[in-house]
Amino acid sequence: SLLAAMETFNKGHGKCDCGRCKCDEGWFGDACQYPTNCDLTKKKSNQMCKNSQDIICSNAGTCHCGRCKCDNSDGNGLVYGKFCECDDRECIDDETEEICGGHGKCYCGNCYCQAGWHGDKCEFQCDITPWESKRRCTSPDGKVCSNRGICVCGECSCHDVDPTGDWGDIHGDTCECDERDCRAVYDRYSDDFCSGHGQCNCGRCDCKVGWYGKKCEHPRSCPLSTEESIRKCQGSATLPCSGRGKCECGKCTCYPPGDSKVYGKTCECDDRRCEDLDGVVCGGHGTCSCGRCVCEKGWFGTLCQHPRKCNLTEEQSNSLCESADGILCSGKGSCHCGKCLCSAEEWYISGEFCDCDDRDCDKHDGLICTGNGICSCGNCECWDGWNGNACEIWLGTEYP
């Protein structure tokens, strides 16, 4: 029965009584989902409550032991989601006070209108039939708005993923033109149409003299094919130019332009890796060679941050290595002179108390932070000129 299923569902932390949860001791919440006592540090708890924009509970709730408790003071439950990212109050029509004007359904703050209705809150009715609306929006290949937009009363509203341009990326009466097809490497922050060597016309590149290719990527003077060029630029690296430069006719120009920190035939040397988050090179106790620290005598560590000799007693040292729960280096490392040395066998363990997991950092093409930033306790800290959750987007100075 439904009641039996509900009781089974809640048997972990409470019982269901007439549609409401009666929580066991030590638990609270509508579904008995919050523990009264928390064994997480505040930092770890807040980290688990951050949405994709790094905002705790989307500023629409409070974080309790790694879980968001959404603000629903009026008891209607319209704010919800793992990170309180959904606010169905956005769907309420100001005049009728009905959700989606009574002509649609609300999901995560957005109205999905019934046929013949449109508007942010389904407040407008079309003056043509749904069938005529669909006919006007159908592109030559038989798809409604080319599967790149929404049909509203016979007119296509195209998904404009980059509203900064005059046309946006997608345009045309039936959204048949997609300017993204003209970009050598597409991202919403790039204006690299036709590799900078042509004009984009409805998703197709018209190349300038001396250039050719689907995206005008090949100079006429280059004897290499695209595959040969990429192979030369990649070498033994995972990505062409190690993901840190631009490949042109088999040669890499490293990002950022004119900066001596990234160099090598395939941009394989990245001296930024020798810097900590404050920009100090090798902790001030070594020199950087092709992205690796060579430590001075008496120091060791990836960034030469650990002294070999220590003037602290073992008790003093250990007291500095204890995390909030009293465990030495979170049980995932050893303590040396008041600092945690995280387990080398588990490469992904990091943090002041070995309490971070670098696998939580975003990847691009299989590389953590795309190799263009430092993974700091689950979040990518990008180097200058790079952006994106995985530091995969170049926003810096263009090449001369």
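For all residues, glycine too, the Cβ spot is worked out from N, Cα and C.
Restricting the average to the domain 'Epidermal growth factor-like' (11-32) gives a pLDDT of 80. Annotation source TrEMBL lists domain 'Epidermal growth factor-like' at 11-32 (among others).
Residues annotated as domain 'Integrin beta epidermal growth factor-like' in TrEMBL: 45-85. Sequence-distant contacts of the domain 'Integrin beta epidermal growth factor-like' (45-85) (same chain, at least 6 residues past either end, Cβ-Cβ under 8 Å): 29, 33-35, 38, 108, 377-379, 389.
The annotation domain 'Epidermal growth factor-like' is assigned in TrEMBL to 91-122 (among others). When the domain 'Epidermal growth factor-like' (91-122) is classified with DSSP, helix, strand and coil residues number 4 helix, 12 strand, 16 coil.
Residues in the domain 'Epidermal growth factor-like' (191-216) partition by DSSP class (helix H, G, I; strand E, B; coil) as 3 helix, 11 strand, 12 coil. Taken from TrEMBL, the feature domain 'Epidermal growth factor-like' covers 191-216 (among others).
What TrEMBL records for 274-304 (among others) is domain 'Epidermal growth factor-like'.
Listed by sequence, the residues of this chain that lie at least six past the ends of the domain 'Epidermal growth factor-like' (361-391) yet keep a Cβ under 8 A from its Cβ atoms are 43, 47, 52, 54, 187, 189, 238-239, 242-244, 255-256, 270, 272, 277, 350-351, 355, 397. Per TrEMBL, the feature domain 'Epidermal growth factor-like' maps to 361-391 (among others).
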